[in-house]
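Trainee: This is the structure I want to talk about, given as structure tokens.
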Ligand SMILES: CSC[C@H]1O[C@H](OP(=O)(O)O)[C@H](O)[C@@H]1O
């Protein structure tokens, strides 16, 4: 099936879900805290607002965080004083870097923006060039997702439709469009190779229930929502052939930080002889860190566990442990797919052969 690359900047040309829009003077973010009840767009005109939106998870998902931060830097140049513009943009980059610690795409995007900033000779120049760079980061992410979907399907070499299971939300909402792991699910569906996708609800923030289910139902892709605790029983049934997830940071040895619960899923997949695939752009690979234990893991407020939708489901005073990512060791992963190529059995070569 031929696919026309959707343009995230041309809403009329693309029927696909879009979560980030660049207006030139502002960035618009589809507020993911309010989905699926409401499609509410935030219009943000400065870097501090973008940083807050990332922190509060109005925008989330590793690539989407990086893209938003890049637009935040572009906005900082626009709003800067003629005399102090360089210092003001530097401060904005520092503020954005504090937003969330785990997804390396944030730091990767800020580094790209910083190196363009270093080449700018005037505020006017910076306004134009930083916006161009942010748009390039956005477009490249969408292109990477489409390329990864092709590479993943080739590696899966399916001769008949299969069921898969996914965790969290790795779709258009989490990326520059189309999705990473969910992009592979979309492509399987387009190629009539998807029986159904099981979507873990993904406690505590419910990215699976609120976002993945919303995206897939909207696009007519057969999805079954399940409690996270049901994943083992689903894999035991033998219907699911692949677990497909995204990533927030992949270290040089092929370890993968992803949404909390991913590690348990990988253990279950190995036990049930189900293949385990990670799909992430090269902007998620951090070759400066050797292993997963080096990755800073974000812990969020205990209210995310004690409450659901603002309603208490546990005693207010109970102690809570709320790490929002875990690390899956390379030896539990069968395949890592990036837009630059595929790594089979990453425990053997790590990411060195592909990106070293
Ligand atoms: C396409 S990567 C999405 C990635 O982001 C998620 O985390 P969060 O919702 O906290 O930003 C999760 O780890 C996903 O795999």
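Just so you know, glycine gets a Cβ as well, placed from its N, Cα and C.
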Trainee: Select one of 191, 207: the residue that TrEMBL places in the substrate site alongside 60, 61, 62, 100, 258, 259.
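Mentor: So the substrate site in TrEMBL includes 60, 61, 62, 100, 258, 259 plus, from the candidates 191, 207, 207.
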Trainee: Neighbours of the substrate site 60, 61, 62, 100, 207, 258, 259: Cβ within 8 Å of the Cβ centroid, same chain, sequence order.
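Mentor: Result: 65, 103, 168, 169, 170, 174, 246, 248, 324, 325.
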Trainee: Near residue 248 (active site, proton donor) in space, meaning Cα within 10 angstroms, which of the binding-site residues do we find among 61, 62, 100, 259?
Mentor: 61, 62, 259
Trainee: Enumerate in sequence order the recorded positions 60, 100, 248, 259 whose Cβ-atom distance to ligand 1 is under 6 angstroms.
Mentor: 60, 248, 259
Trainee: Give me the Cα-Cα distance between residue 60 (substrate binding site) and residue 168 (site 'Transition state stabilizer'), rounded to a whole Å.
Mentor: 11
Trainee: Can you check which residues sit near residue 207 (substrate binding site), meaning Cβ under 8 Å from its Cβ, same chain, 6 or more apart in sequence, and list them in order?
Mentor: 60, 168, 169, 259
Trainee: At 10 angstroms around each C-beta, which of the binding-site residues 60, 100, 259 has the fewest other C-beta atoms nearby?
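Mentor: Each of the binding-site residues 60, 100, 259 was scored; lowest Cβ tally within 10 Å is 100.
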Trainee: With Cβ-Cβ distance below 8 Å and at least 6 positions apart along the chain, what are the contacts of residue 62 (substrate binding site)? List them in sequence order.
Mentor: 103, 104, 105, 106, 174, 246, 247, 248, 249, 280, 284
